[in-house]
Amino acid sequence: MLLRFTKMHGLGNDFMVLDLVSQHAHIQPKHAKQWGDRNTGIGFDQLLIVEAPSNPDVDFRYRIFNADGSEVEQCGNGARCFARFVLDKRLTAKKRIRVETKGGIIELDVRNDGQVCVDMGPPRFVPADIPFIADEQALSYPLEVDGQVHQIAAVSMGNPHSVLRVDDVRTAPVHELGPKIEHHPRFPQRVNAGFIQVVDRHRANLRVWERGAGETQACGTGACAAAVAAIAQGWMDSPVTIDLPGGRLSIEWAGPGKPVLMTGPAVRVFEGQVRL
């Protein structure tokens, strides 16, 4: 059978989006791996699947597969593309949408200027919720990698993140240290590794090594986690502008227990069909 799909991106973080509300198919990890290959498939960082909700309190269910076939809890840039997609495809007329993910419920607000604001919910710092192995909760933790100790923050934005402060993201060892942090035994479900350079109280540069995808042009939940870690440790004040290789995101967070708001673009690239 042939399935219609849309290729989209949020700041260069690219996605294949499938409507499984009006189409019906059983998508497996092997399909994500096959289609995600940039040489022999469609090529993407993540596969986003739009499904009918399983409870009446939300509008849609949102599933995410990495290009390596692993299913993950959350994707912030993908959430913005999800919102744009369901409106463009007339799956809803609402501009404020409630969506269930493996990481919890998020709210998406499509603004008149085309930007999408995502209410990511409150960040979680309890180690067991991330999950991260630690004796007690702290703002930062020493993490030993190859005999060297790095001071990291650990945050869940519905998916696990580590945040390491660096002097300059351009020279940060993202490709050397990123995969080692991703697979560190203290992160039982692996982790997204962020490298943040604080420019001033409201601006920062960020690169992210994503779990199951490697370094991407942008990571929405990574930007949220980095902003939260920087605000919590007193390095920055909300609102925060995060510059990633693919572009800029605006992050707001009023403090513990409060939701993180992320605003940025969502762009449609092309439409296509793929054989299942």
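Backbone N, Cα and C atoms are what each Cβ position is placed from, and that goes for glycine too.
Quick caveat, the model's predicted, so the values are computed rather than measured.
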Same-site residue for substrate (record: Swiss-Prot; known: Asn13, Asn66, Gly76, Asn77, Asn159, Asn192, Glu210, Arg211, Gly220, Thr221; options: Gln28, Gln34, Gln46, Gln137): Gln46
DSSP three-state assignment (helix, strand or coil) for Asn13 (substrate binding site): strand
Distance [Cα-Cα, Å, rounded] between Phe270 (site 'Important for dimerization') and Arg211 (substrate binding site): 26
Packing count at Asn13 (substrate binding site) (other Cβ atoms within 10 Å of its Cβ): 30
Shell list (substrate; ref centroid = CB of Asn13, Gln46, Asn66, Gly76, Asn77, Asn159, Asn192, Glu210, Arg211, Gly220, Thr221; cutoff 8 A): Asp45, Ile64, Val72, Gln74, Cys75, Gly78, Val208, Ala213, Thr216, Cys219, Gly222
